[in-house]
Amino acid sequence: MFDKKKFLISSISITLLIFTVFHNVENVIQKRRFLSEDDESLNEKHEQEEHKNVRKTYSPAEIDFWICLLIAATLICMAAVCSGMTVGYLSIDELQLEIYKEQGTNEQQRQANIILPIIKQHHMLLCTLLIGNAFCMESLPIFFDKVVPPAFAVLISVIFIIFAGEIIPQALCTGPKQLIIAEKLTPIVKILMIVFWPISYPLARMLDSYFGEHGSTRFQKNELKALIELHGIQKHATGGGHSNEDQGFTQAEINMITSTIDLRDKTVEQVMIPIKDVFSVNKNNELNKETLARIASSGYSYVTIYENQKENIIGTIRAKQLIDMELTKRKISELDNLVRPVLFVQNDTSLFEMLMIFKQRKTKIAFVVETNKIEQTNTQRNPNFQIVEEKVQKKIIGLISLKMLFEEIVKKEFHDQDNHIKFNSLKPPQIQKIGKSQSNIIMEPEEKK
């Protein structure tokens, strides 16, 4: 966000710096303007005498030669650090460091903890390194001029700056040991940030005000899916590697990951079995030969039980328990100990929410109800304000199972028919809504008393 106070402080600091420079330049010009001709002639003679006495270059036999050479070498090294770290630090992916910090090796975690605080100050780091590099490059010819003839000072400075101060450092700082070098040079960079703070801080704050603070990259869902798919493509394109780390993602893994990402965007209504296609029997049917043959030929492990019309589901029963029973004229409704109630969810429930509901309720199937058919007539809350009991009129439109969710994730059909699950009572279940995290549950099974 635009901080007016910080921007004002930065602007005033830069303005004062510029004003001071121009004021000093103006004083020098005015002094020279008001010098008399006699004074100018005397100054010229004095400068000529001093110029004769001052030696342009030092010989290797003099200590000043080695001092200037040492300063020049130091400036080249500092220019190399600033140039290499400008590219090295600013090319490090902040998101990758955050990943290393959470899931990396001990060495990677240590490197991330040291480097992250530096690169988070993006504009401050940028200004410090650029100012330091410019300072070193501009100062280098001054000291080379003392150890080599003036004609060669600039040429030698340019050669050293290009190779020793630019190309080689940038190649090293962006190579395979980028993080190791960045970690080792962090103390030097911190010192430079302190030294150039009076200049770099106002500039950095001004850049933050205009362009905003630099943050790590965050991917949208579609970008993340494309990135995962790209890893699979890269594997096949390069032939992969021999270790597990180099294998990349197989196509099955890519399908599973991208499908999991899409779970929140899909609803149960998109993948459910329509209620007209769900195998079910009337609770008033007798357990005769025809009914048992129909249940056996269906191939389902569990059968739904309805009352009067197919959309009025009241529970499920295990098919094997019916088939193993002796033929009788008893109705299914009389098998109170075998029929179990079911779970009802709204049709706009996302697949991710449905997966969490299955996990929390420890069940494998649920029936989908149209949301717009829900009519609240009575509401009561428990003392913890977590469970809401309601009387509703429901229209069941389909069935969703845990198996369907797994098929949606792996993009492959499972060849088992266990689409129904046993519950605990033939009594109509109480209709409940469970808090915010389970707001799409409108009916859940009662515990057997």
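Every residue gets a Cβ built from N, Cα and C, even glycine.
TrEMBL entries are annotated by machine, without manual review.
Copied from TrEMBL, the annotated features are:
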{"type": "TRANSMEM", "residues": "7-25", "note": "transmembrane segment"}
{"type": "DOMAIN", "residues": "61-246", "note": "domain 'CNNM transmembrane'"}
{"type": "TRANSMEM", "residues": "63-92", "note": "transmembrane segment"}
{"type": "TRANSMEM", "residues": "124-144", "note": "transmembrane segment"}
{"type": "TRANSMEM", "residues": "150-173", "note": "transmembrane segment"}
{"type": "TRANSMEM", "residues": "185-204", "note": "transmembrane segment"}
Rank 124-144, 150-173, 185-204 by Cβ pairs under 8 Å to the transmembrane segment (63-92) and hand me the top one.
124-144
So if I exclude everything within five residues of the ends of the transmembrane segment (150-173), which remaining residues of that chain have a CB under 8 angstroms from its CBs? That is, six or more out.
56, 76, 79-81, 83-85, 87-88, 133, 136-137, 140-141, 144, 181-182
Distal contacts, the transmembrane segment (124-144) - CB-CB under 8 A, six or more residues away:
68-69, 71-72, 75-76, 78-79, 81-83, 85-86, 89-90, 118, 152-154, 156-157, 160-161, 165, 189, 192-193, 195-196, 199-201, 203-204, 207
